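The next block holds one structure in the form of structure tokens; read it before the comments.
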Amino acid sequence: MEYIERRAMALLSRDDDDPASQLLKLLQDPFNNILQVRSVWSSLAFSVSICAGIALLFSFIRPYNTVVYAPKLKHADESKAPPPLGKGIFAWMVPLWTTDEKELIRLVGMDAALFLRFLRMCRNMFFVLAVVSCAVVIPTNNNKSGDRDNPDVDWLMKITPRNVSGEIQWVTVFVSYFSTFTVCGFLWWNYRKVLHMRREYFQSEEFQNSLHSRTLMMYDIPKGMASDEGIARIIDGIAPNSSFSRTAIARNVKILPELIKEHEKAVRKLEEVLAKYLKDPKNLPPNRPVCEPSKKDRSYGTYPKGQKVDAIDYLTQRIKDLEIEIKEVRLSVDKRNTMGYGFASYSDISEAHAIAYAATKKKPLGGAIITLAPRPNDIIWDNMPLNSSTRSRKRFIVTFWIAVLTFLWIAPNAGIAMFLVNLSNLGTLWKAFGQSLADNKTFWSLVQGILNPALTSLVYLVLPIIFRRLMMRAGDQTKSGRERHVVAKLYSFFVFNNLIIFSLFSSLFAFISSLVKQVNNGTDAGQAILKQKLGHALLISLCNISPFWVTWLLQRQLGAAIDLAQLWPLIYSFFRRKFSSPTPREMIELTAPPPIDYASYYNYFLYYATIALAYAVIQPLVLPAAALYFIIDVALKKYLLLYVFVTKTESGGMVWRVLFNRLVFATILGQLVVFLTVWVRGDGEIEAGTPKTQAYAVAPLPFIMIIFKIYCAKVFDTKIKYFSTTFVTAGDPEAGMPVGKESHRNDRLAARFGHPALYKPLITPMVHAKAQNILASVYQGRLSDGREAGTGDTMSTSGYSDTFNLGPMHAGKPGKSASAMPGFEVVPESKLDFEYYKNRDEFSQEHGGGDIFNTRPGTPSLPSGPDSRPGTPVGGMTGRRQFSGAHGMRPSADPYARAGSPGPAGYSAFSPPAPSHGNSYSGQVSPYGMAPTPYGPPSAGFDTSRTRSPLYGIGISANESGSNLVGNAAGMPTSRPPPVRSSSPDTPGSTAPGMLGGGPYGYGNLPQDDHQDPMSYDYFRGGNSARRR
């Protein structure tokens, strides 16, 4: 401590021209020059005019670029399609007025509807606060300020409480109480609205017919109870009178997830290599591409160290080796090696929710945890096997590193505030740079105007990515839960660094430097601290910096306008297409609707709200600045959610409590600022023995907010989370199950909530059609089909895309032409569009498949009959629609069920029809011209889940109606279902060995037939009806 004091005194004793002394002066008042050159009115005029200009430019460009500005109009199913848009300049504004919240829930989902409700709440709340606070506080402070007649004091300073003292501070107390009850009123009203939204969501067709709504997820299951029967015993300990449930314990998938990631990485790398090498097929580069062998390759040690190998040959062999390994590992998975988590499904939603609620009141056997199951695509499967101690340790480590990152960012944040915002400060310390600054004012002014916002924007983009990856390492089990934690961590980081430290930085340094001077002059340290009056210094610092926050909030309109213009996607897409060699897969992904980053947006909104509430009594103009931002952003974000953005992982609006808690904290922070203001400027003096009545009057406000939070949690949270909390007495045990629920007995829970690594289809390399003719001369890969493996006449299992066989060809079932390019998917220029691939899992999972395609991404595909909505290729690579022959080829009422359960033998059986929005498939004729049968779709007995790519037959057939048929990309690994009719005598029952070349076991030495394989995944799941006979 003595050493620090000596160093500080040495610094303070230096000459004023010394760089160290100049640095101390900057630290004491880093905004001295900034606030002189920045005007609130100029910032308002600049931001609003630029925002209006961008919006007007968008209005002119939008009708001619729907790929960027309205992709959901093109890709969404009818039930999810947004209102049509006209070609008029301002036609995009009409749906913003006519689409209500109930319609929004149906079109964009619960999460997006809650997002817009939160925006509207902030808009209305800050508008009310701005009107009252500005009408009361501004004239009061302006008239009572001690600087009223001082022309040297700016008007922005006169309306702050910097020089307003005495009884007039009762006005501040009144405004504080009004603001508190206004915030509480808006939060309470919207809490009720969120409850109503959730209850309507519970009654929706989507929720009622989904499997996850009546399924429980269990983890931390003891090893001795890690079985299907163990799950049932644990539930019986919670609810002894519960009905029969379908249970499924998780299996150890070993290294399958890592192998599949490596396979996808190798395929994408091969696509990149081929895209660059075959960019101009008529003029190939003289040298073939090379690469370094992967360190994860088992054969890595056999390659010469430091020597590169032929990229095409190596990646081909690498993909083949991975396919063989994946096949072997998949076949080795059985029920004897279980994990500590599983699922239990019930026929009734209310019973499942009641058991989950009861588990919160009574500890299950063995310390297991029972919760409501999320959607399958919401689960982070890699974290599911972690036990409670491992999760706690990981969470502590991640929290520690986030805290370290938060504190380490203080120094760079201060540097940005002092130097990048105003480069003249850097010139004061660095004489050589100061001379350059004086000689090149125009250049450095451009650097100052670009570098600071560019660096700040980069930080804002990178931080959510860092925090999201850290939270994945913390053991979060769901993606939606991870996003909620990311919001919380980002908010803490921004508030601490960019608000608290940023606002109090100068006053703390001024306090420390003055304290050191007094101690140096012989004053006792304790007396020096009392003389400094830290409260006065903090209040003056807040008042001095408050105009900065007004201008900063006014400039946020630019971000909202840039979001509307989609400048980043436009720029990225342009440079990607013009200055690189994108693969067909990357070109398709560029045309897909982008997922919205809720965590980043929520963090921004909460951060802006916190600034406004914290500075409401210091600088009332922050309230209209915040209100203006939310007024503009409500409209712009509504358009983006209706026509551009999709929700990647739907949580059903469960983020509300995170938002509520942060607004409660922001309100308490504002109350602390009010307490500081009335303590410093109000009546009473502690030294004189007079009470500070105004400060005591404000003291109960934080406790009011805490009581309000507890009240809302008690009244609303349970009803928001659970459909029901009470058990319904079972009926007559001899009676059968109600119609509509009887089919739930046939739910394939183990498949629907099985690890994706067990059924995830392996992607096929895509190449551009222009390279089709030259590809055979440069590619030395296998000769069997890729995505077609296992779907044609030969039922090969040696393809890229999967490792499981389908049934043999039957009489009456159309055959398939040979592929033009074995092992590859050839994509012509006209088909480089997401529209042709939106039903494939490999594309839809990352681009809101469950939101706009009315599907359940992340759940195994099931065999289905063909169907297509008008205007798109027939069928769909994942065969999304489910039909029942008993009901006229109608799709399943379960919007999350992978269409295609072939009746009781499938993973989900018939569900009673329910009315759909704007669409009726009743009585629809099969697009293949086949009449419905009493036993399901025409192909009900056969696994048609993996049919030909829409582009595989290019060059073979000129008939696009035949060559562009699409079907299911990949089905759940399953043994062959029992045939519903005898095979045609003309169709052989097995495949001739070696029919594809490469000997009896084909290329890759894989068997050509998997009939009734006892090691198959479905065999041990107990789903093979033929085996049970």
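Note that Cβ sites are derived from N, Cα and C of the backbone, with glycine treated the same way.
Among the features that TrEMBL reports, compositional bias 'Polar residues' is placed at 793-804. Look at TrEMBL and you will find 40-189 tagged as domain 'CSC1/OSCA1-like N-terminal transmembrane'. The domain 'CSC1/OSCA1-like cytosolic' annotation in TrEMBL covers 213-383. The domain 'CSC1/OSCA1-like 7TM region' annotation in TrEMBL covers 394-677. For 786-821, 843-947, 962-1029, the entry in TrEMBL reads region 'Disordered'. Residues or ranges marked as transmembrane segment in TrEMBL: 40-61, 124-141, 168-189, 396-423, 443-467, 488-514, 534-554, 604-622, 628-646, 658-681, 693-712.
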Structural state census, the domain 'CSC1/OSCA1-like N-terminal transmembrane' (40-189) (DSSP three-state): 115 helix, 0 strand, 35 coil
Stretch-level contact, the transmembrane segment (658-681) and the transmembrane segment (604-622), CB cutoff 8 A, at least 3 pairs: yes
Region pair the transmembrane segment (693-712) / the transmembrane segment (396-423), three or more CB pairs under 8 Å: no
Arithmetic mean of per-residue pLDDT over the domain 'CSC1/OSCA1-like cytosolic' (213-383): 91
